[in-house]
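Look at Swiss-Prot and you will find 32-127 tagged as domain 'Ig-like V-type'. Per Swiss-Prot, domain 'Ig-like C2-type' is recorded for 134-238, and the stated evidence type is sequence analysis. Among the features that Swiss-Prot reports, N-linked glycosylation site is placed at 98, 187, 236. Taken from Swiss-Prot, the feature signal peptide applies to 1-28, supported by experimental evidence. Positions annotated as topological domain 'Extracellular' by Swiss-Prot: 29-238. Taken from Swiss-Prot, the feature topological domain 'Cytoplasmic' applies to 260-298. Taken from Swiss-Prot, the feature transmembrane segment covers 239-259.
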């Protein structure tokens, strides 16, 4: 009896497992572990492949672009949005004829098909990376500088993907990243950062006078900004000394003039003249006041 009860219990457990597995297959979903990464150059084509079982007549396919908000790319057997004019369906796959940088992101295809146990859903995820060539970089080059000072030139591009590297040119000749390897006719005190695009002269000299341009380059392409001239002049020490001497002479002449006027009594005469005018005005006022008082009494 004990053996029979054990056999019955095992049979019940096996039946339960079969039902559970069938339920999972019917109503669950499966996705490939390895996610695809598709790389495409901007304005060229890309194919987003959906790695699922073969398509059947009753299969239903949907493509979605994932992000902050999920948007349909292919829904109810029709491409959505601007994909209508620049994409086509090849079986379960999407062929984008003209990729733009805004297409970059994650996409998911969902395939549902009826089975004996119910509706079966499978999905696959594809990441699209769009490579973009640099635009014309913005270059900041000072028009003038004094020798011996620190001068920094800047170059930047905000569109390239992957991020570009930068190279500086002087009078059309490429500047080496290590200035010590260059000729003796160039200033070896500069520092070039190919990642950030800065060119810094620790002590700029007259040898650095010239036309500077910058090139941004990545695996897709390169662009260069128009050249800008930088003029480096020596500090005019003799001119500064001459200006200081002239100012000192002017101040000295003005001081001597004031002393001479005081000795000649120009300032004292002016004071006595002001005193006489004030006394005469006071006398006139007192007489008028007296006459007015007398007439009032009468």
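Using N, Cα and C of the backbone, Cβ positions are placed for all residues, glycine too.
Across the domain 'Ig-like V-type' (32-127), DSSP helix (H, G, I), strand (E, B) and coil residues number 7 helix, 50 strand, 39 coil. In terms of DSSP secondary structure, the domain 'Ig-like C2-type' (134-238) contains 8 helix, 46 strand, 51 coil. For the topological domain 'Extracellular' (29-238), the model's pLDDT averages out at 90.
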